[in-house]
């Protein structure tokens, strides 16, 4: 086998230079770009994951808010219902008590008026009886006068 | 008439002009290829060439991954990519064309005498070949790899590296030495033999003139396959030897 030894060293040097050039100008930059891309993709994936989580969280929050709102609305309606029925009851109660009060007042008034009338009547009756009694006593002194008195009363009654 | 390679004597040393030429051309092709791919390289919008080169890089990363932990093999990534591209281009280089000139006794190149075989007045000189079809070139590539494996073994894994010569028992030392010697021999001769045989076959088929055209096409295709396989095998073995030197399994 014919070996040209100079080739060995030429190849050695040539490959050394080529390796240096490639690592400095070609593969070095390219590998760093590939590394950057890896980083980039990872970042993007992380971002996507984060936004997904955020969206999920927000959705959950929205759902809870909606639920809360629904509950609130229900409570408000319920409360309104209760208040209205209570108010109605109150109004009814007041009206009832008012009516009974008025009736009581009226009854009392009637009673008072009646008593007053009875009292007045009683006074008149007693006065009249006293008057009649005195008149009778006056005129009992003599028959003549008694007769006169009766006549007089009769006249009096007749004239009235 | 046999084809010989252009040889000159200069400063008392034999120089193979064809090998020098093709080594230069291969190096330039590889560098330009890589440079074009990296020019305008971007993170988010890679060009087609960038994609191709990244595919090569991924390929070599996977290759490293088959023999050792990728993190440990990371320093040899650029070596692997450079080797696979250089050897592949070198293997392809000799296939498509041949530049043959006739030279007479006393012909010169840049004032240097071309060396012709003894006793021949005239010779066909082939200026074009795969650089890897030269045993010295394949040997140089092998030497880079083998020296590097031993250096890295000593540097990063000294205790286990030295110990492995005496395993499993001390009397196995000669066997281990033979193993270490056979590695570089097989690595360089495999590459050289495959490519050189391919070139020889091509020159043989060429002598059939037009009758040999179908055979030539078939053989060219096969040689491309061989060239690709050889570059792959070379880098794979590089990584295997490297992992044997620097990685020790915990028993």
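Just so it is clear, glycine is given a Cβ too, placed from its N, Cα and C backbone atoms.
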## Note on the structure
Among B:135-154, B:155-174, TrEMBL lists transmembrane segment at B:135-154
### Query
Taking the transmembrane segment (B:76-99) as reference, which of B:17-38, B:135-154, B:191-211, B:217-242 has the most Cβ pairs under 8 angstroms?
B:217-242
### Query
Taking the transmembrane segment (B:217-242) as the reference, which of B:17-38, B:135-154, B:191-211 gives the largest number of Cβ pairs under 8 angstroms?
B:191-211
